[in-house]
Amino acid sequence: MLEIKDLNYWYTNKEDALYNDVNLTFEAGRLYAILGSSGSGKTTFLSLIAGLDVPKKGDVVYDGKSIRKIGMTQYRNRCVSIVFQSYNLLPYMSALENIVSAMEITHSKQKDRRAYALAMLEKVGITKELALKNVQHLSGGQQQRVAIVRAMCCDAQLVVADEPTGNLDEQNSREIILLFKRLAHEQQKCVIVITHEKDIAKECDTILQLKNKTFQLVK
Amino acid sequence: MNFIKRAYKSTKVKMGRTVLLTLVFSAILIFILAGLIIQNASLKAIENASKSTGATVTLSTNIRNAFDRSDNSESDSEEGRPDPGSFQISPVELAIAEELASMDNVASYNYISSTSANAESFDAITSTDESSSENSNSMPGGRMAGMLLGDVTISGTSATDTLSAFTDGTNKLIEGVGLTDEDIDTNNVVIETNLAEANDLSVGDTIEVTSTSDEESTIELTIVGIYESSATVDSRMMQMSTLNPANTIYASYKVANTLKGEDYENTVDSVVYTLEDPGQLQQFVQDAEAAGLDTDAYMLQTNDQMYQQMLQPLENVGDFAEKIVLLVSVAGVVILSLIVILMVRERKHEIGVLLSLGEKRSKVISQFFVEMLIVLIVAIGIAGVSGKYVGNVIGEQLLAQETSTTSEVAAMDGNGPGGAAAFGGRPQGGGGGFQSFRNFGASSSEVATQIKDLDITISLEELVKLGGFGLGIAFISIIIASIGVMRMQPKKILIS
Ligand SMILES: Nc1ncnc2c1ncn2[C@@H]1O[C@H](COP(=O)(O)OP(=O)(O)OP(=O)(O)O)[C@@H](O)[C@H]1O
Ligand SMILES: [Mg+2]
């Protein structure tokens, strides 16, 4: 469902290009892990496939259509959900409102958005009481779970996450990665997770390692 | 519509920020409202001024030329001093007055012919101070007083209700009826209440007056109405009973003519034409001259001079208010823009989240705009409550300054060349200048009172205007601040 074609990117000059032109395909219903050393260009890659930045060379094709054609805003709105290391929730809202707002912004087809969001939050261990509190009053692990539920509740078929467990302890990390797994397998979404933790990567269906400017299939 | 909900949430949760914005916005709006109130009040006052002076043109004998003629005749005078008779102003021929009355644009006209007369069957109101009557001889016009001044003024007119003394509220009819067209050929009169009380007179009674020039000529007058006068005059003038406002008897101009003598039949002292359209004053004068009015013998005076005199301070206040509104609006845009720019910077993370969710930038900006609207509505409320107070304080201050300068100007005008301004100041007086002279004493203070009436109130219209200004300011500052939002890169904000 997502094709990367001759993709390349550089920040200042072409000589410092981050990749040898990348060609990759990601499929629905699978959980992908991208490993790589610090500074290898993982986050940059994610921003390109998430429609947060435009490639310097090559193209990102979603369901056979270049995301440039779809339009970056439209692509982010309808096709992709992003989970950040720093959660990135709206600070003046409760967990529930964050999710319902995101569903409204992305025009989710879900009928009773509030009930659905509450049910999904309940599934990840966030009670209604917690869900109605201002989101800033939740713990890091709880906020990350809210951010993931936000991605789950939106209709986008592609979910990308940049070190979603970076700020969490081992126990929480495991729970989070299991959530992503369910998201891929139960909802038939394509989930791409960037991580540097091997334990996390092991849970994924496919592992890609970014090394020497190329993506190598590890698993 | 999600951005409206977000705006509401954000405003509510970030109370501190909202309160701060509201206070700043209120302060700006209070100044604008004060400006608007003063501006509107001065506009209203200008309107009232034009209503009270009316759109009138006065036809009278050319006084300047009359004085010139008397100057020339001075050498003929045996005693080497001006002969009072030479001041006699030849009256306006009724035929000419009627010709002008038939012109376009004339809504109504009033024939004025005044004279003095001696009270026959009653006593005029007199000053109790006996010794002062000696002094009156030393005053200008004292000789006139000795020879021509009677006890009372017969103010001849064709209708009392259109006389300026009645329209501007100086005189108020309190009993009976005023004089109209139908009274022209009658001896009906309207007298002052003090005169009536002093002589135990009431509506229906008759009184007798005699001519000052011919003691044989006595006229019986029927009282049809009683008025109350609030006119004030100089105490020195009060000593001449003719000049006492209480001794003015309003009668048909024909009655005044009869008292003046046979020569005055079919004449008037002056005619006041009220025009339908105030803008037509100059046109009327031109038309009259084109129709062959003898400008050497007659003059037409528009009431512009007085109107302009009243207008000046009001226009100054209005201009000042307009500048306040403009200045504060610009300052408001600058201040609010800065605040919103800072606010947008502080909230860039939030903006990044929305952009990463695929929210349109226009909707992000709309959210800020709606937040500003919520603040604006509260601020208008605050400004509405306090703006009236501020407007009052500033308005009073301005008027206190403006009127004092105008009173000086008005006084100087009075001393102007030939004293013509004194007559022009109150054209409807007529009557050999007695009445004009008297009214002149009151005119400058009257200008001041009229302008003190700045009506400081907040109308719905002003609040709507204020809302417009607030909306404009909010809109412009959001537009300026949104340049920052347009340039924001969600990647840079969210991935650091
Ligand atoms: N805004 C930028 N301007 C210039 N160079 C940048 C910018 N962002 C990243 N880089 C450089 O690009 C390279 C890739 O950065 P990127 O953030 O994609 O690495 P990463 O794999 O995500 O590393 P980490 O594991 O530490 O997060 C790095 O060498 C970095 O220095
Ligand atoms: Mg990174």
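Each position is counted from 1, following the chain as shown.
Glycine residues also receive a Cβ, built from the backbone N, Cα and C atoms like all the rest.
Per TrEMBL, the features are:
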type	residues	note
TRANSMEM	B:20-38	transmembrane segment
COMPBIAS	B:66-82	compositional bias 'Basic and acidic residues'
REGION	B:66-88	region 'Disordered'
TRANSMEM	B:324-344	transmembrane segment
DOMAIN	B:324-397	domain 'ABC3 transporter permease C-terminal'
TRANSMEM	B:364-385	transmembrane segment
TRANSMEM	B:466-486	transmembrane segment
**Request:** Take the transmembrane segment (B:324-344) and find every residue of the same chain, 6 or more past its ends, with a Cβ under 8 Å from one of its Cβ atoms.
**Result:** 17, 21, 24-25, 28-29, 31-32, 34-36, 38-39, 351, 368, 372, 469, 472-474, 476-478, 480-482, 484-485
**Message:** Checking distant contacts: for the transmembrane segment (B:20-38), what same-chain residues at least six beyond its ends satisfy Cβ-Cβ under 8 A?
**Reply:** 317-318, 320-322, 324-325, 328-329, 331-332, 335-336, 339, 343, 372, 375-376, 378-380, 382-384, 386-388, 390-391, 394-395, 398, 454, 456-458, 462, 465-466, 469-470, 473-474
**Asked** How many helix, strand and coil residues does the domain 'ABC3 transporter permease C-terminal' (B:324-397) contain under DSSP?
**Response** 69 helix, 0 strand, 5 coil
